[in-house]
Amino acid sequence: KETAAMKFQRQHMDSGSSLSSSSDYCNKMMKVRNMTQESCKPVNTFVHESLQDVQAVCFQENVTCKNGQQNCHQSRSNMHITDCRQTSGSKYPNCLYQTSNMNRHIIIACEGNPYVPVHFDASVEDST
């Protein structure tokens, strides 16, 4: 069975590529990572950093999650991410996405022992 930590890696980790070079990236990745099977997942973020670096965020600044839970953490540094958003005209099973590359701080929820990422909460721009 897929654990929450495994699901996080499937849905949000893409360490292999530093940035999604093609506009087709989200269309391909959302399909390959099984996020268009029963419906189109409307929004998803991929992180192009090493799993080690993303797991380390669990021990960085503690912030409140969007849902009010207290187990979210914000990355100290910017990370290369790709935001995938479903385009307005696309309908299941033909899920189409808009690909946006960004460099932002990520906010993830962590839990368990070992304490690992289980949910991608948000990304934020530098507050400077």
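In case you wondered, yes, glycine gets a Cβ from its N, Cα and C as well.
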Among 1-20, 21-40, 81-100, find the range that Swiss-Prot records as region 'Disordered'. 1-20
When distances run from the Cα of Cys84 (disulfide bond) to each of the recorded positions Cys58, Cys95, His119, the nearest one: Cys95
Non-local Cβ contacts of Cys95 (disulfide bond) (under 8 Å, 6 or more apart, same chain)? Asn27, Met30, Lys31, Thr36, Cys40, Lys41, Gln86
Other CB atoms within 10 A, centred on Cys40 (disulfide bond): 19
My understanding is the cutoff is Cβ-Cβ under 8 Å with a sequence separation of 6 or more in the same chain; which residues meet that for His12 (active site, proton acceptor)? Asn44, Thr45, Phe46, Val47, Val54, Pro117, Phe120
Which has the fewest other CB atoms in a 10 Å radius around its CB: Cys26, Cys58, Cys65, Cys72, Cys84, the listed disulfide-bonded residues? Cys65
